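According to TrEMBL, the domain 'FAD-dependent oxidoreductase 2 FAD-binding' annotation covers A:7-408. According to TrEMBL, the FAD binding site annotation covers A:12-17, A:34-49, A:Asp229, A:Glu391, A:407-408. Marked as tele-8alpha-FAD histidine by TrEMBL: A:His42. Annotated substrate binding site per TrEMBL: A:His250, A:Ser262, A:His361, A:Arg402, in sequence order. Per TrEMBL, the feature active site, proton acceptor maps to A:Arg294.
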Amino acid sequence: MQTHQYDVVIVGAGGAGMRAALESSTRARTAVISKLYPTRSHTGAAQGGMCAALANVEEDNWEWHTFDTVKGGDYLVDQDAAEVMAKEAIDAVLDLEKMGLPFNRTPEGRIDQRRFGGHTRNHGEAAVRRSCYAADRTGHMILQTLYQQCVKQDVEFYNEFYVLDVVLTHDLSAGTVPDGEEVSVAGVVAYDLASGEIHVFRAKSVVFATGGAGKIYKTTSNAHTLTGDGMALALRRGIPLEDMEFFQFHPTGLAGLGILLSEAARGEGAILRNSEGERFMERYAPTIKDLAPRDMVARAMANEVREGRGCGPNKDYVLLDLTHLEPAHIDAKLPDITEFARTYLGVEPYTEPVPVYPTAHYAMGGIPTTIDAEVLRNNTDVVKGLFAAGEVACVSVHGSNRLGTNSLLDINVFGKRAGIAAARYAETAPWHEMPDDASVATVEYIERLRDHATGERIADIRRELQETMDRNAQVFRTRDSLTTALSDITALKKRYRDASVQDKGRRFNTDLMEGVELGFLLDLAEVVVVGALAREESRGGHFREDFPTRDDERFMLHTMAYQRVRGDGQGTVELDYKPVIITRYQPMERKY
Amino acid sequence: MATTIPAGPLAAPRSARTTRSRGSSRTNMEMVAWLFMRLSGVLLLVLIFGHLFVNLVQGEGINRIDFAFVGGKWASPFWQFWDLAMLWLAMIHGTNGMRTIINDYAERDRTRLVLKVLLAAAFLLTVTLGTLVIFTFEPCPIGAPADLLPSFCPAS
Amino acid sequence: MTALAESTTSARAEVGAVPSFDVTLRIRRFDPDNGAEPRWEEFTVTAHGTDRVLDAMHKVKWEVDGSLTFRRSCAHGICGSDAMRINGRNRLACKALLKDLDPSKPITIEPIKGLPVIKDLVVDMEPFFASYREVMPFLITHGNAPSKERLQSPEDRARYDDTTKCILCAACTSSCPVFWTDGQYFGPAAIVNAHRFIFDSRDEGAVQRLEILNDKEGVWRCRTTFNCTEACPRGIEVTKAIQEVKRAMITRAF
């Protein structure tokens, strides 16, 4: 076992983690721990752009952006946070440009902007050109640019280290620590993949930026490595997760594969059609049609398929039509996604429409934080020194449905805020004792997984989990489907306890880490389903067929899910609720 | 389902790349060498094809070549210079090419050194002898049969 | 007539069903912890028409031998984790479709060449990233930053577009015969990333980068074998980029 000491430890080296590192490493001694090489992070897969009311190509205003974000999130957005994000978006884009990000340019040489789903002029009048972009690889450029800056600043990275525990001064998992008591972070426990060794990092501040958990679903645009590590670690240590039942399904995943085709395609003029060739979005969102927010488009698509207007031999997808666009325009603005269609489906987007179907894309929920990225352990108290930013966190700027491009914005705005806050806190904060047995639980956990001589395969359990989530907790949900999912998950969790990994070695044991990650996925899937069962309404990304309307009376609240460990040592999910912060915009019906 | 076949040995892990000096190097040997290869290549094309044309095509062509023909050419400073340029450029060009091949394919420093020493020796030997021959060539050796000698020799 | 009818029915049954086939992967395995010599191992799995090499490898890992070790993340050619040598050519396992590789013959899979192997298909990427870091792959500017964005014309932006696509997967560098020899050469990927800034109109560090690459192990070791261009999963014209850097050095020197 090795021990390290840093003022600030950042967990995760995607957009949010590296943006935080750029801020904190100039102010305090900082280490970034990542289970991947930083440039492998899934920020790089984001395509369409990053919205900011620069007004470079047409009139725009950050207040309109705030409104769109709030409305897009079906009013479950904390409006103070949305204001911060929309206002700081402008600087976030300019910061990136100054770091060297190669944005597409207008003829005058300024940053070009294009339309994107749900972003409108003057509170919904018409689509507005707000998304700053670099072809259809904006996320790639952001990730590369941030990494370049980290190289420039000589940020210290621990690559291919898995953080497996976060150490707090109090045990919150039983729910016995009274409100108001000061709880602080002491550090994290990590596993070095290359050697199999345990490293303990003592830190004054810890920033979680571990990203999403798309792998609870089978069809997903997420990377294999997006297993919700940070969320699950917090949950296990008694920190709540907020609004986890809201999961975004991106309308245009490559059918059957889930690979993302950016909304930018529709921003550039592509049209969704059903088997009759009808532009069906005209029926669902008469004003902005194909550029309606993702939850509405995804539901519309699923509905077309359900009503028998799907395409293909099994009538199980719809078509994204780019054939009316100029090939040169497609090449200039959407080169990567058209190549995906060619490579993976053998479809030529110049001449043929591309089969698409919704794919699990983004967790709106996560670790609850304040607008300064401090992690909340209940509705009011923060855990001192613990911060979270990016998809792992829930500020909440996305409410029940995130608008396209707002995730790249989220990681930049709140990544920066987290980095600054973490370093500031570390300036004055005391060191907290790291108990000698800090790593014991982690070692026991992985050894148990490794030592089972025989047992079920991790992959089998994971596959069953993903299948039940796809079947029962996807775009359309009912009490019955969710109950089925919950009982499946409970059974799978039981089987997981006896599962075994085949690779018993120490060096680069990815089999073992997949086993650990499955534990995270199971915990998170349970939180998603329990939250979805309790939320008897339909809002944003959460649609209950048995409760098809929004119910502001009962559910204009954030879900706060806790994993409480009772006598038998097994955790159960308990729910609480937190009020939504409303500043300017009273909830209205959401029509586009 | 799975079968195993032994594979050849793995390449041993190599030493990490050594960080290089950051000294200013507005021009350096490698760039000069790279440029030389391109320029000498063009020059050699002219020299070699000129040489081939004069020797093999012009006049009676190949049937003309004998001691007298060669002797006659090397009596002229123009052809002495031509052939000298051809010799030097071709030798430096070829030697440099061999040097890069050694750099690219010899993995151990020792092997590299040995090969490069051999290469340098071969270069020096060829260039020295060639140059000597061009400048010390005697077109009218004493006692040679007159019909083999160039027309300007006093013996004929 | 009967035969015709039969074939029509069976064809109808197959409509929509993705054809599946058996494919054999011949994978180079190596685990120094077990003291084992490197060996070839063959696995036969059932794959579907749209499956990639990565899917077949996952099938092996998840259903046959969990100890098979390789890196992967995004699985659609954007993160650059899974560069490997497939049938003798460097590719991303997630972008190589089985049906394009003639699945009737065993598909050989080896780690990329020129970097030390850690286990199975996993190599030590540190030397590769060390080269990358040496070319100062970040925007260098002097003077005060403007309050708004720096202006750049679409033409100036297009000048270096190709090399911004790099995902640092190392497919190019590990396909380069010069790099294979001793690993001292900077390698195509580092030069590509230097190119991205040298030709960025906003950047003011071109001179420093050119000096770094004017090294004995710099661009002059490129033999224009075009292996890198062929290997690049992002379609970057790597060799062209290297030549452009050479040209920039010559024009600067004279």
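Cβ atoms here come from the backbone N, Cα and C positions, even for glycine.
Bear in mind that TrEMBL entries carry predicted annotations, made automatically and left uncurated.
Sequence-ordered, the extra residues of this chain that approach the substrate site, with Cβ no more than 8 Å from the Cβ center of A:His250, A:Ser262, A:His361, A:Arg402, are A:Ser221, A:Gln248, A:Pro251, A:Leu260, A:Glu263, A:Arg294, A:Tyr362, A:Gly404, A:Ser407. Proximity to chain C, defined as a C-beta distance under 8 Å, is registered for none of the recorded positions A:Ala16, A:Gly48, A:Arg294, A:His361. Under DSSP, A:Arg294 (active site, proton acceptor) is assigned to a helix (H, G or I) in the three-state scheme. Residues near A:Arg40 (FAD binding site) in space but far in sequence (CB under 8 A, at least 6 apart, same chain), listed by position: A:Thr225. Straight-line distance linking the Cα atoms of A:Gly48 (FAD binding site) and A:His361 (substrate binding site), rounded to a whole number, equals 14 Å.
On the 0 to 100 pLDDT scale, the domain 'FAD-dependent oxidoreductase 2 FAD-binding' (A:7-408) averages 95 in this prediction. Distances between the Cα of the residue listed as 'active site, proton acceptor' and those of the binding-site residues A:Leu36, A:Ser262, A:Arg402 are shortest for A:Arg402. Of the listed binding-site residues A:Gly44, A:Gly48, the Cβ environment within 10 Å is emptiest of other Cβ atoms at A:Gly44. Spacing of A:Ser262 (substrate binding site) relative to A:Ala16 (FAD binding site) is 21 Å (Cα to Cα, whole number). Between the CA atoms of A:His250 (substrate binding site) and the residue listed as 'tele-8alpha-FAD histidine' there is a gap of 15 Å. Scoring each of the recorded positions (A:Arg294, A:His361, A:Arg402) by how many neighbouring Cβ atoms lie within 10 Å, the top position goes to A:Arg402. Comparing the Cα of A:His361 (substrate binding site) with the Cα of every entry in A:Gly12, A:Ala16, A:Leu36, A:His42, A:Gly44, these being the recorded positions, the smallest distance points to A:His42.
Across the structure, A:Gly44 (FAD binding site) and A:Arg402 (substrate binding site) are spaced 18 Å apart at their Cα atoms. Cα to Cα, A:Arg402 (substrate binding site) and A:Ala16 (FAD binding site) are separated by 17 Å.
In this structure, the C-alpha atom of A:Ala16 (FAD binding site) lies 11 angstrom from that of the residue listed as 'tele-8alpha-FAD histidine'. Taking the binding-site residues A:Ser262, A:Ser407 in turn, the residue surrounded by the fewest other Cβ atoms inside 10 Å of its Cβ turns out to be A:Ser407. Counting every protein chain shown, the Cβ of A:His250 (substrate binding site) has 25 other Cβ atoms within 10 Å.
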